[in-house]
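Annotated in Swiss-Prot:
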type: ACT_SITE; residues: 7; note: active site
type: BINDING; residues: 162, 165, 168; note: Na(+) binding site
């Protein structure tokens, strides 16, 4: 059976502000199943942003586990991400999950990959999902050549990804921490 997939999640950090946004499209094979899915959320007393891409059920499973780690480590984003990655590498069930997360708080942005790696993005810009490369390239160009806010950059980057990637639409949800 085919999995639900396809999305774009992008994060931009500039100064003391961070924005994380995603589109709303969910596809099953070549069929759009939903156009308004919410793949970006606030967790841990609204102090942490998280966006997910990949198989929907897998992403929700990882999100639940990440939230539990965040609670256990009292909101320490890096510690929670590393502990989740350790579990991901050692737990047979988790190793089969096909999803990625971008997490951000007031000071740190991290990508948690499908291999159980934790990456600190270079330049405060990261993107995942089917339109991630388009969004990341657009965000990098905008960061280097404009004075736009992180929210504006995320919005424009998602728009460009939505124009180019058939698995990404223009229904955007963007969250910020300032």
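Just so you know, glycine gets a Cβ as well, placed from its N, Cα and C.
The shown structure was predicted, so the numbers you read here are calculated from the model rather than taken from an experiment.
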If you count Cβ atoms within 10 Å of the Cβ of residue 162 (Na(+) binding site), leaving out that atom itself, what do you get?
22
Suppose the Na(+) site is 162, 165, 168. Which further residues of the same chain have a Cβ inside 8 angstroms of that site's Cβ centroid?
8, 23, 25, 130, 131, 134, 135, 158, 161, 163, 164, 166, 167, 169, 170
Counting every protein chain present, what is the number of Cβ atoms, excluding its own, within 10 Å of the Cβ of residue 168 (Na(+) binding site)?
29
For the recorded positions listed here, 7, 165, which shows the highest count of neighbouring CB atoms within 10 A?
7
Tell me whether residue 162 (Na(+) binding site) sits in a helix, a strand or coil according to DSSP.
helix
